[in-house]
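To start, the structure under review is shown below, and the notes come after it.
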Number of protein chains: 2
Amino acid sequence: MDDSPWLDDAEQRAWRRTAAVMTLLPAALDAQLQRDAGLTQFSYLTLAMLSETPGRTLPMSALAATVNSSLSRLSHVVARLEQQGWVTREPSPESGRVTVARLTEAGMEKVRETAPGHAAEVRRLIFDALDDEGVSSLACVTAAILGRLDPAGGMRANPLSREAHPDDDRSATG
Amino acid sequence: MDDSPWLDDAEQRAWRRTAAVMTLLPAALDAQLQRDAGLTQFSYLTLAMLSETPGRTLPMSALAATVNSSLSRLSHVVARLEQQGWVTREPSPESGRVTVARLTEAGMEKVRETAPGHAAEVRRLIFDALDDEGVSSLACVTAAILGRLDPAGGMRANPLSREAHPDDDRSATG
DNA sequence: TGCTTTGGGTTGAAGCATCAAGTAAAGTGG
DNA sequence: CCACTTTACTTGATGCTTCAACCCAAAGCA
C-alpha cells in the first residue's frame, strides 16, 4: 500500500491531465444534454441502455449493472423518468422481488431525438481530437484501468461485451 | 454538427469504456478519500493546490482556475474547509474585490497525512494497470482531449504547465 | 462628478448523489 | 414449516453541485 506511494514525473503529468479530463469532460457532456434535452448524462444513459435492449425492458438490477450505478441511485432516477412518462415500472411476473423498467414509446422518442446531438458532442470533444491510433490507445488504456475498477464487474462478462450481442441499433449510444 | 454524428465500432467501444471509467474512477477515488480522510476529491484537490503554492495562498478565482471549477462551487467548498479550520479567507490588501484563500498549518497537516494514501490509490487504480507506453498514451490522449475542452483554459498557459514552475514538492498531488 | 459596465465573490434554493435504514420476497437449515 | 439469511428494491435524510440572483469594488466615460 505504501510500497511506492509517489508518482514519477511522467505519471504525475498523466494523472493531472486525467484528473482534468475527468472533471471537464463529464461537465461538458452534461451541459450539452441539459441544454438540449433537459437530461443528465446518467438519465440519458439509462434511457439509451433500455432503448437498446430487446423488448426495451430490464430488471432494475440488470439496468444498474449496465449503467454502472448503485441500485439506489437508479431507483431515484427511474422514479423521475417515470414521472416524465419515459419509463414505467412493473413487478416482474417471473419473480416477486424483481421490478422491471420499461421504456415507453415517449421515452423511445426522447432517445431518438436526443441521440444525434449527444453523439455529435461526444465526437466533437473526443474523437475529433484523436487519430485512429489515438482511438485505439484510448480503448486500450481505458480497458486496462477498467480491469482494476470494480473487479467484480470485470468478472461478470465485462460491461462492454455488449459488442458481442446484436447491437446494430445505433439509435441510442452516441 | 450533424455532419457525421454516429460513431463507428472502434469509436463506440472506446467511448463506452471511457464513459465507464469516467463513472467508476472518480467514485473509487472519492470513496478512498471519504473513508480515510473525510474529504471529497474536490476538496482534497483544493487543499493540495494551495499546499503547492508558494505562500500557500491564492485568490479565489486563481484557485478556481487551477482546480477547474466555477467560483460558486469553490466558494461553497472553501466555506466548509474554513469551518474545519483548514483554510482561511481574507480580503486582499492589493485589491478590494479579491479574496485570498490561505491554507492553515492544520490544513497543511491534513494534506500531509492524506496525500500518501491517495497517491497510493491513484497508483493502484491507474498506473499499476499501465506500462510505460500506456502512461505515455494516456498523457497524449488526455492532452488531445483537453485541448478541445475549455479551449479558453487551454490558452491561458494550460492548467498543466505547472510542470514548468518549481514544483518539486511532491507532498500534495497524489 | 454621476452613471453604467465589468469583474470578483457570495448566497439561497433546487436538483442530484450517496448513505443508512427499511420492506418484502425467495432461498436455506433445522 | 418456522426461524434466519440473502436478494431486490425503495425511501428519507444529508450533503454536494449548480444555477440564478445578488452585492460590492473598480474601471470606463461623459
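Using N, Cα and C of the backbone, Cβ positions are placed for all residues, glycine too.
Record features, source TrEMBL:
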- B:162-174: compositional bias 'Basic and acidic residues' (COMPBIAS)
- B:1-147: domain 'HTH marR-type' (DOMAIN)
- B:152-174: region 'Disordered' (REGION)
Secondary structure content of the domain 'HTH marR-type' (B:1-147), with strand meaning DSSP E or B: 104 helix, 13 strand, 30 coil
Taken over the domain 'HTH marR-type' (B:1-147), the model's mean pLDDT: 93
